[in-house]
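Here is the structure we will look at.
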There are 2 protein chains.
Amino acid sequence: MEKQFYSYMQKTEHLKEAAGLMAWDLRTYAPKKGAAGRGEAVGTLSEMIFERETSEEMRSFLNELPGRTDNKVTEASLRECRRTFDKLTNVPQEEYKAFVVLTTQSEKAWEEAKETGDFQTFAPYLKDIVDFQRRYAEWKGYEGEKYNALLDDFEPGLTTEKIDDVFAKLKQELVPLVEQISTKKNPPADLFSGMQEQDQAAFSQKILEAMHYDFDAGRLDKTVHPFAIGLNSGDVRVTTKYDENDFRTAVFGTIHEGGHALYEQNIGADLYGTLLSGGASMGIHESQSLFWENFVGRHYAFWKSYYPLLQDAHEPLKNVPLDSFYPAVNQAGPSLIRIEADELTYCLHIILRYELEKALIRGELEVDDLPEAWADKMEELLGIRPENDSEGVLQDVHWPAGMFGYFPSYAFGYIYAAQLKEAMLQDLPEFNELLEEGNLTPVKEWLTENVHRHGRLMDPEELLKSASGWEMTPEPLIRYLTDKYTALYNLKESEEVDK
Amino acid sequence: MEKQFYSYMQKTEHLKEAAGLMAWDLRTYAPKKGAAGRGEAVGTLSEMIFERETSEEMRSFLNELPGRTDNKVTEASLRECRRTFDKLTNVPQEEYKAFVVLTTQSEKAWEEAKETGDFQTFAPYLKDIVDFQRRYAEWKGYEGEKYNALLDDFEPGLTTEKIDDVFAKLKQELVPLVEQISTKKNPPADLFSGMQEQDQAAFSQKILEAMHYDFDAGRLDKTVHPFAIGLNSGDVRVTTKYDENDFRTAVFGTIHEGGHALYEQNIGADLYGTLLSGGASMGIHESQSLFWENFVGRHYAFWKSYYPLLQDAHEPLKNVPLDSFYPAVNQAGPSLIRIEADELTYCLHIILRYELEKALIRGELEVDDLPEAWADKMEELLGIRPENDSEGVLQDVHWPAGMFGYFPSYAFGYIYAAQLKEAMLQDLPEFNELLEEGNLTPVKEWLTENVHRHGRLMDPEELLKSASGWEMTPEPLIRYLTDKYTALYNLKESEEVDK
């Protein structure tokens, strides 16, 4: 029966591979007139996947197999299949269908509302979505906070209680730091425009190669909203966006997606064809992309070796010394839009959303009061207020898409990444020197050994503990940001930590 | 129940769309390390399609629906579903599985045998395949010749009796014509090399645009073995190959695949999501690609308008007058390899294969005697003998892949195309003038009106009769080839038909 279970999982994975390729194609090469038909076909495949994940056959695997195996891959696969099965079957089928329809309508209403800045036209949909989330939490069940049920879908094991503790520490340290920095003048940042698309593409390719992204098991393509996607163990693709007005979009975007892709390319062969052949969680996945984007890609030592390559690809930079370039790509300060935020302020954008979500689910905040609450929180955390809802409460797709409990994963991705970085330094004390030499091999190998190869075998916190040696804590991130930005903005006589 | 039938068909079409995209991707952009996993995933989807095509649900549609509808799309869809159902269920399941394994092994053995030229290592597999084909014909059932059962899978309604009659006429006219031409000296053909890949790509794009291929509902990509593929009604893709040593590969290959793609792009909207949304048969599909490749693309008048465009794309051609270029792209004469054959000799290559297949299925020829029989036929039809089996009996993938009864479709594609051309001339007597002006719109519209839009609504011969006004006959093809090549090779005082 164990053999049948593997064969059953593999077929589901094959359907996911097909749906994944269709999604990749839609966002890269598909002609526009095929999009509507393609959407329907993806819908059919999603339905088939749903049916397999919730079938009677799956139920019998889940009932019969546990306890009858000592294979840890089987055990962990059963755990993941059970999680999916419960998640999908806890919701009454009629409610689930209605929710799918609701989110489709809601996303449409949101797009229009974002265009016009009119929150009130979107509010009725959001009310229904929040209402569904509250009921969903009840169907699913939870311990402690109701919101924990939602968190668990994205970051298994994470709770409101843990988040409150971690976010309190972050706020305490970061809010005053951002406040101090916002009084400082940023270095000039007009050096990012004018790099030709093909030069950005060539440089992106070189950076991915330096990261040991395997081009025989992947590709780099152009898209509008960049993503990485693992189709099978030998096919993990990166997409990026080329903005001739700002090459940072491509450079840091490619490194970020490359971090996701490296994870998927290096999952252990023993996990192929099982539900464990993906990343451990949203947060752990994000830790990999952020590790490369920030802890490598925004590091002074990294640019010491790779800046000449960038200068070769874009002549005007030959007049810009590294010591001007480095602070320019590490500018920080309060801003309104999350996806444009810098690494220092990013977590504060997440904390804002988390506190509002929690209050909505608790019933302590009503949807109608959300725009005001958003602006107030923004002021409290970042010292600025949005002028309209488009650059405030309407900016993200997550709520219209019905994703509550997702945002904290982003912040925990940072926290995990910083913790992994400190752990890595114990094994690779020569980290800075390696980057200066442009040798990223040991960095990639450490991540593969400690994170990538395990796929979804462990829950996120268990994996983090196994990789770093200690429990999850925000201290490494606080240390990293405090030290780096204190030095960058000369907030005191500093040891120039990052240089 | 009719509604459920449509919904059922549509879901199967969605799975085919997914499998089609995976196949396209494998042959264009997929990284090599993903190929093995992708192959398995395609296998899973094929299995799921097979299950749907032969399911109990399908059986009940086929039992309940006929006679209960007067919708001709439903009726024709039921006819096609029945054809597939019978084809797949007539074979005992164990035999079918064994055959799939056999063809996989056989293709592998064939690849090696082709490499070394050693037919004997491949012969045992081919014996088993021929044996299966004979049994398959019995399971399926047939009237008259056993071989008719095989033909029906590719060209419904075509029979050995009809082919024998048609091929006898072709042989009678073409064998002496080829013999005459083979004594003539061909014009120099060293003008096809040196055109850069990007120039070939740009020219290919322009020709597709001139043919009214819709780039908003398709794409042109590069591949090794060119093909066109319809994924859904708004997504029909063309692939081509760029050979810098010979631009004819790309130019005529693109026009050929463009002909297939135009067909799929212009199937009536009422057929979307049904089994009728493809071409009527292999032969009718081939008639569309050959119409464009030969009756348009090798026509003097076509080059009168498009040759300057090609000369702009490839400077050296500016020294080659049209009156030298035209005969150079219409060279004919005996050759050993089917896929490199010209339009005059092509049918003789098919007749050779047909006669051998028929004899094998009848039991009048044994596999061991095949190489000798091949060489003898080659000499009889084309006056030349292969020096080894690689350029003889081992050249095609069809037999190793288990496709018997397929080859005649190619010749009938020519026959249909020539017949459509004569019918078109009745409606568009100004055909030559249109081509000279570079105006391909009326040609494309005629084909859409009379062929494309009907999809698989009619059987091939019915469609041909409806489009051309008369029964299938090889006379138009014989007239076309005789007139054109008599003039081109000055075989007698001619009227220069094609010019």
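Every residue, even glycine, has its Cβ placed from backbone N, Cα and C.
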Message: Of the residues A:Glu209, A:Glu286, only one is listed by TrEMBL in the Zn(2+) site with A:His256, A:His260. Which is it?
response: A:Glu286
Message: Is it possible to get the count of other C-beta atoms within 10 angstroms of the C-beta of A:Glu257 (active site, proton donor/acceptor)?
response: 27
- request: Measuring CB to CB from A:His256 (Zn(2+) binding site), give everything in the same chain under 8 Å that is also at least six residues away in sequence.
  value: A:Pro226, A:Ser289, A:Leu290, A:Trp292, A:Glu293, A:Gly297
Message: To see if you understand the setup: which same-chain residues, six or more apart in sequence, place their Cβ under 8 Å from that of A:Glu286 (Zn(2+) binding site)?
response: A:Ser409, A:Tyr410, A:Phe412, A:Gly413, A:Tyr414, A:Tyr416, A:Ala417
Statement: Long-range Cβ list for A:His260 (Zn(2+) binding site), cut-off under 8 Å, min separation 6+ in sequence, same chain only, gives A:Ala228, A:Val238, A:Gly279, A:His285, A:Gln288, A:Ser289
Field: Residues close to Zn(2+) site centre defined by A:His256, A:His260, A:Glu286, Cβ within 8 Å
entry: A:Ala228, A:Glu257, A:Gly259, A:His285, A:Gln288, A:Ser289, A:Leu290, A:Trp292, A:Glu293, A:Gly413
